[in-house]
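Shown next, in structure tokens, is the structure this report addresses.
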Amino acid sequence: MSSSMSKSDKKKVLDFAAWSFNITTSVGIIMVNKALMATHGFSFATTLTGLHFVTTTLMTIVFRWLGLSQPSHLPLPDLIKFVIFSNLSIVGMNVSLMWNSVGFYQIAKLCMIPASCLLEVVFDHVHYSRDTKLSIMVVLIGVAVCTVTDVSVNAKGLAAAVIAVWSTALQQYYVHFLQRKYSLNSFNLLGHTAPAQAGSLLLVGPFVDFLLTGKRVDHFGFTSIALFFLTFSCVIAIGVNLSQFICIGRFSAVSFQVLGHMKTVLVLSLGFLFFGKEGLNFQVVLGMILAVVGMIWYGNASAKPGGKERRSVLPVRSEKPNGALDEKDGSEK
């Protein structure tokens, strides 16, 4: 009994550590990128993401050299599909932000949760309890109340938003799917995907950024402070990419999306704290409170028996890598 309790306690500690790691690095990189882009004028978001995956690739090489990550196998067709979904997600989000109002962009981001739910229901036969569904609705309403302002729609912006939503939902679903199907831990999966994403994004990134900004990245005049923030952003990105894979692997794409909106609340709060209280009003505070209440409710509802059940089990390979860092301990939420 005590052994079972200790295993349960260990899982809770690891779950909390995974979420804390993801939230800390994600909020940190948003603040650093805001300084890099808004203050120092480096507006090449797609190219920057490619550089993020370069540093992530270097991390996976170092970890394998140290023996912390073991060789593993991911079939080429699955790798290609993953890279396509991931890169469409990155480019789609950047284009959607450019072509849509901020309000519609935020609505599109909120649509990722229903899209992820639909993928889990269709492909994994997941059943959600009434409380789990209601808690997701409270989170969506709360985040919408505190982030959605002006909403205007146009045809090309709508198309970009649809591509961004579904490619992001598919990419996050695929992270969980590949880890279960091939018994890959986060380090192994990143070792396969990061080099492919780095190469492809550095190839297309400068052209996409030129389309979006009208500026060429090779003409950017680097200062020492801009180079510092660029390097800092790339270092933090290692933690962002790794923690995303860890969290989705331990939980699911839907849980990652729902609880991930804590980052939205934190970014808003830190923005008001460090950059002034302009825009802070009763509506924003109410939205933040609703979102946090919804997240707590979701965590409790999905953890209860029947809160979120997988009706079919995906077969996994019998052999498992002997990596020293395997975070697949515990049940899915």
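Glycine too: its Cβ is placed from the backbone N, Cα and C atoms.
TrEMBL labels come from automatic prediction, so no person has curated them.
Look at TrEMBL and you will find 306-333 tagged as compositional bias 'Basic and acidic residues'. The domain 'Sugar phosphate transporter' feature in TrEMBL is assigned to 24-298. As annotated by TrEMBL, region 'Disordered' applies to 303-333. Summarising the annotation, TrEMBL assigns transmembrane segment to 44-67, 79-97, 134-151, 157-175, 187-208, 220-242, 254-276, 282-301.
Of the two recorded stretches, the transmembrane segment (282-301) lies close to the transmembrane segment (134-151), with three or more CB pairs under 8 Å once pairs fewer than 6 apart in sequence are set aside.
Tallying C-beta pairs under 8 angstroms between the transmembrane segment (187-208) and each of 44-67, 79-97, 157-175, 220-242 places 44-67 first. Most Cβ pairs within less than 8 Å of the transmembrane segment (79-97), among stretches 44-67, 134-151, 157-175, belong to 157-175. Residues 21-22, 24-26, 28-29, 32-33, 35-36, 40-42, 44, 48, 51-56, 59, 186-187, 190, 194 of the same chain sit 6 or more residues outside the transmembrane segment (220-242) yet have a Cβ under 8 Å from a Cβ within it.
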